[in-house]
Amino acid sequence: MAAFTAVRAAVSFTQRFVRVSRDCSVCPLYRLNVCTGAAVDGFSAPNRRLPKRAGWVDLLLYSRVNVVFIDRSGQRIPVKARVGDNALHLAHKHGIELEGACEASLACSTCHVYVSSEHYEKLPEPEEREDDMLDMAPMLQENSRLSCQIILTPELDGMELTLPKVTRNFYVDGHVPKPH
Amino acid sequence: MKIHGLSSASRCLAAEGGVRGLSSSSGPRVCIVGGGPAGFYTAQQLLKDAAVDIYERLPVPFGLVRFGVAPDHPEVKNVINTFTQTAQHERCSFHGNVNVGKDVTIDELRQAYHAVVLSYGAEGNRSMGIPGEDLPGVFSAKDFVGWYNGLPSNKELHPDLSFETAVILGQGNVALDVARILLAPVEMLKETDITQNALEALAGSKVRRVLIVGRRGPLQIACTIKELREMVNLPNTRADMLPADFEGIAEALKDLPRPRKRLTELMMKAVKEGGDDKAEKCWGLRFFRSPVEVLAGADEKRAAGIRLALNKLEGSGESVRAEVTGQLEDVDCGLIISSIGYKSIPIDPAVPFDPRRAIVPNEMGRVQDTAGLYCSGWVKRGPTGVIATTMNDSFDTARVLIQDMEAGKLDLSVNKPGAQAITALLQTRGVRMVLFSQWEKINAEEEKRGKSLGKAREKLLDVDEMLCRAK
């Protein structure tokens, strides 16, 4: 039963993908070595076409990326996302209090987040314009990024994005975070 | 891809009545004075727990986002979409063309609402306090920016742009915006929302050289890297810096925090590379110089130059200050723009005001000695920072107000009439309010006029015309 579900997931994925690109080399099923050739023969008899080398679990999980937002009160909010999702958009979809004043056009720093260190390394380098905007964000740290520039990839599974505590109210003991 | 601001999340909460389960006819009512970023961001957070009315002096909303942000920075103005959602919230009402302090007093507002938040910003200007400051040819950056951005009170500015050199005092982002607008090729501006008369004046401008003068050194420059980079990359211009101003800077680089380091590195690059020698326009930063006198021309009728005192720096770190050396330098110029800061003014005798710091005295947004009165934005903190700074500050004030509501510091047991009472009062005084839906008519007209000129919008410059369109 579970295997059948996996195949149907693979078929529907392929059907959607084929509409976008008919080039096999960009298809994740091909790259994961689980292509059943379904697209070529018009999806006949899907039951007999089970993925062979990689497990069907990998297939189901391929496009899923798990992200945890940590809001300003320290509460952890796990979120299920997909490859290609924009981190800021994801935050809004889940009611996380992250502003995006300039609507992802690199003209503000209101979507500033801290990225968990092992995932920070996996993000592509920020372009100069992002670095310029980050320079204006209060409490900049080494792992700071603008969330509107973070596009989810499989390696970012498990990433934690922490919202900076930017209000003066928080540091009542006079603690000043070390500037970067 | 359109990404909605926070209001979409807070709207979901509000639809269920928010934390307090309120209906639209009862519950806390809060009044906000000022329809700029501070007002709208404060409203956004309060709407979860209260009904909010925003009062704005002009018929049109958005404050400095409309009148301060440079025309070639349209992405910064995207925040207007978030503010529009806030204004359209069922528990929010915008009332334009209401002059608080004149048409209605703060005391009258405090009687009609459970709490009042002052978010009216800084409409005044710090003056240089030097002889000749009032000569023709000298403008405040606030007025110059208001002129090219269509602020009704600056529409008759008519700055004379027929001189080769302009000197700007101050080195913050506003100073750099002015320099960029003065030197930008007209192609860069002609599709923006810059006013048509400013565009035409700039197209005929003879200004070729702009000096941006600061009293301290390169490590104290107040602008941010985005604006400096735009100057460095400005087409058909070259940078004209004085290497002497940068002595000792290279050695200091390694100890600087990242934002200051990147900014200083960019300046050093501009000093070294200069730019295309064939460029017909140039701009330069000048450090360690304070204005002491505006010099009149031979006819004594207008500004023809400026006298600068040379400074040296004393102290270190954050407390570096400029001290006079006694040396002077004269610069010939026909356009002088003072960009040394905006300034808040008192709105109503019933509101405490600190004239030295030019802000409303407060503790975390609670106005001193005045229960139920709060403040947010520049009138609370002073006139510095970008929209994000004001956003965080406004969220702080809203949080404090909500805490006070929950702690019983505001008497919510008594029903307050809110806008009903104020609207009635204004009507008896002959004040014509402009509601948000009426601003949308003005907005549509501006976009329509802009379209016919190939621009994002053509702003209405006249309050009477705005009121006419709002009918």
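Each Cβ is built from the backbone N, Cα and C atoms, and glycine gets one as well.
Among the candidates B:Glu187, B:Glu227, the residue that TrEMBL annotates alongside B:Gln171, B:Gly172, B:Asn173, B:Val174, B:Arg215, B:Arg216, B:Gly385 as binding NADP(+) is B:Glu227. B:Ala38 is the residue from B:Ala38, B:Ala115, B:Ala350, B:Ala407 that TrEMBL records in the FAD site together with B:Glu56, B:Leu64, B:Val100, B:Trp378, B:Gly385, B:Val386, B:Ile387. The Cβ of B:Asn173 (NADP(+) binding site) lies under 8 Å from the Cβ of B:Ala222, B:Cys223, B:Thr224, B:Glu227, B:Val386, each on the same chain and at least six residues away in sequence. Listed in sequence order, B:Ala222, B:Cys223, B:Ser339, B:Gly341, B:Thr384 are the same-chain residues six or more apart from B:Gly172 (NADP(+) binding site) with CB atoms under 8 A from its CB.
DSSP assigns B:Arg216 (NADP(+) binding site) to coil, not to a helix or a strand.
Using a 10 Å radius centred on the Cβ of B:Val174 (NADP(+) binding site) and all shown protein chains, the other Cβ atoms total 26.
Among the binding-site residues B:Ala38, B:Val100, B:Gln171, B:Arg216, none has a Cβ under 8 Å from a Cβ of chain A. A straight line from the CA of B:Glu56 (FAD binding site) to the CA of B:Arg216 (NADP(+) binding site) spans 38 Å. When Cβ atoms from all protein chains are considered, those within 10 Å of B:Leu64 (FAD binding site) total 24, not counting its own. Spanning the listed FAD site, residues B:Ala38, B:Glu56, B:Leu64, B:Val100, B:Trp378, B:Gly385, B:Val386, B:Ile387 have a farthest Cα to Cα distance of 25 Å.
When the binding-site residues B:Ala38, B:Val100, B:Val386, B:Ile387 are compared by the number of other C-beta atoms lying within 10 angstroms of their own C-beta, B:Val386 comes out lowest.
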